[in-house]
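K.L.:
I'd like to ask some things about the structure below.
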Amino acid sequence: MAELKLGYKASAEQFAPRELVELAVAAEAHGMDSATVSDHFQPWRHQGGHAPFSLSWMTAVGERTNRLLLGTSVLTPTFRYNPAVIAQAFATMGCLYPNRVFLGVGTGEALNEIATGYEGAWPEFKERFARLRESVGLMRQLWSGDRVDFDGDYYRLKGASIYDVPDGGVPVYIAAGGPAVAKYAGRAGDGFICTSGKGEELYTEKLMPAVREGAAAADRSVDGIDKMIEIKISYDPDPELALNNTRFWAPLSLTAEQKHSIDDPIEMEKAADALPIEQIAKRWIVASDPDEAVEKVGQYVTWGLNHLVFHAPGHDQRRFLELFQSDLAPRLRRLG
């Protein structure tokens, strides 16, 4: 069984750059094994929203910490970015912080790409997935250190080389919400990323079997794949506070279709704020009792996930980190 790891999700949509760095430093001080960050050009909420650049944040945190594993959860290397430039950026960070950096990738959302110049109708999943696969292949060729000519359907390189590359390249974690990408993660990913709160059947009957199927098809051991889940948890001894803390993150409760099609934070905020608190809270583990919280988290370990990254919705993140260290972490470590 893969090693159990506990991580912290740095909420880039909620906090300004300096505070976001300090929270990751605090996460290491409170015993977390990893810290991940989303890569949004625009946040999901216009009022009070933030969107610091993920790679600047990773470098700043890397300089301030000693052992945290740092990565994106997730970045889309296929539209507003050239994947070759992303490969260069992560190779540099991999050299600066050896064995502490991974690249988490996904297929993308219109919210981040339309504003930065993508023209035409937002591509359907088939094209976005094809772009992702091609970009991962391109980046891995560059991380070999060789001189690369690449002529793909979407990207091209001519005599390209990255001169500073960490030994072994950069681990790529692939985010999936369905079995097709999960199978690809099992076949080609160093890690797999999913999110909590979507019903047991998704994990036990679709995602995890697909990861195993992909690994088997590539003659790989699934134990060698870091299986990460971003767990949405609002834990506080005050039940009312635990519930109301979820309000800021109402956009998470919009449907996937809504989130993928809306390209304006103002419109996203308007749609999200129309939701009742009860619907918003359904995406979260809302708990005031530590044993209840750990029982709900523990099911994901039972289902085969080993790297638990905790996303807390409240504005007082230091309170969450203190409560996590005292109330939840000792119980969670025993699950491993």
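Cβ coordinates come from backbone N, Cα and C, glycine included.
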K.L.:
Of the candidates Asp39, Asp219, Asp223, which one does Swiss-Prot list alongside Thr76, Thr107, Gly108, Asn112, Gly177, Gly178, Ala180, Val181 as binding coenzyme F420-(gamma-Glu)n?
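P.N.:
Record source Swiss-Prot; matching candidate: Asp39.
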K.L.:
List the recorded positions among His40, Lys198, Lys259, Arg283 whose C-alpha is within 10 Å of the C-alpha of Asn112 (coenzyme F420-(gamma-Glu)n binding site), in sequence order, or say none.
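P.N.:
Of everything listed, what lies within 10 Å of Asn112 (coenzyme F420-(gamma-Glu)n binding site) (Cα to Cα) is His40.
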K.L.:
List nothing but the largest Cα to Cα distance in Å, as a whole number, among the residues Thr195, Lys198, Lys259, Arg283 that the record says bind substrate.
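P.N.:
Of all Cα pairs among the recorded substrate binders, the widest measures 15 Å.
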K.L.:
Neighbours of the substrate site Thr195, Lys198, Lys259, Arg283: Cβ within 8 Å of the Cβ centroid, same chain, sequence order.
P.N.:
Gly177, Ser196, Gly197, Lys232, Leu252, Ser253, Ala256
K.L.:
Compute the C-alpha separation of Lys259 (substrate binding site) from Glu109 (active site, proton acceptor), stating it in Å without decimals.
P.N.:
7
K.L.:
Just the number: how many Å between the Cα atoms of Glu109 (active site, proton acceptor) and Asp39 (coenzyme F420-(gamma-Glu)n binding site)?
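P.N.:
Distance between the two Cα atoms comes out at 11 Å.
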K.L.:
Work out the three-state DSSP category of Val181 (coenzyme F420-(gamma-Glu)n binding site).
P.N.:
helix
